[in-house]
């Protein structure tokens, strides 16, 4: 990607440590979603809160040598994250295995469920894969504009995520539950209303936070950057995320609503076309051949969010997700 050798060395070391617990991280995510699907959002919240606090304290202690712990640098930070991943997976799995929650483990007895799991999870896995892979060419593009541009993007995105992440994740899970449960009760109209309601709430609240972020972008980014060029670019990236926040919130909420109806193809299509067409394609064409540089990347970020929102809105409004969910439930009942 064009990063400096010392950056590559530190990054590869950190990745090598945390990837050891990648299976545990996936187990934790699946367990959390399983519990949330039953309406239990508190157990994952409590477990993740403890894990996050432990991760922070461990990163400071092992990374910087505080609290009487050895100073291990980036290895210590990775070890703290890896430990948190293992802790979360173990505790959430135990919660499902015991009578603490309504969820439980069962031995599969029908291939219908397996086929449906693959049909639903396939596009979701592909969406995550595309999202991860798209980071490589986009970061490489940013590095052609300058190392400070790439750093500014990471800072601007982090500021946005820190400000809106809890709300967005909450709306995604809420939409998943309040759409999926009425569909399970055979009430698609309530499911549709609930989906629009959560999306509207997300657009209003996250949108308001986004506008505030755009307005206060400079002092917020200045907390994380002191280099003048990095600060300048970081402010514009933060504004791009902030002003497109209503669209990104709508995308996240309606994606959760569609996923609650077992429709994962539309969010996959939205994210893939948005990231490839706008985040990468638009940013490159306008930034390099047309010579607009980093300005094209600001617009690429914002336009990709707008496009993804438009696609899932059309999918939720006009798609056949309710009949498809009913057909899948009937198929499971007949198995």
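Yeah, the Cβs are placed from backbone N, Cα and C, and that goes for glycine too.
Within the set 153-175, 268-290, the record from TrEMBL flags 268-290 under the feature transmembrane segment. By the Cβ criterion (distance under 8 Å, sequence gap of 6 or more), the transmembrane segment (296-319) is not counted as touching the transmembrane segment (12-33), fewer than 3 such pairs being found. Count of Cβ pairs under 8 Å against the transmembrane segment (45-67): among 12-33, 73-97, 196-216, 236-256, 268-290, the largest is for 73-97.
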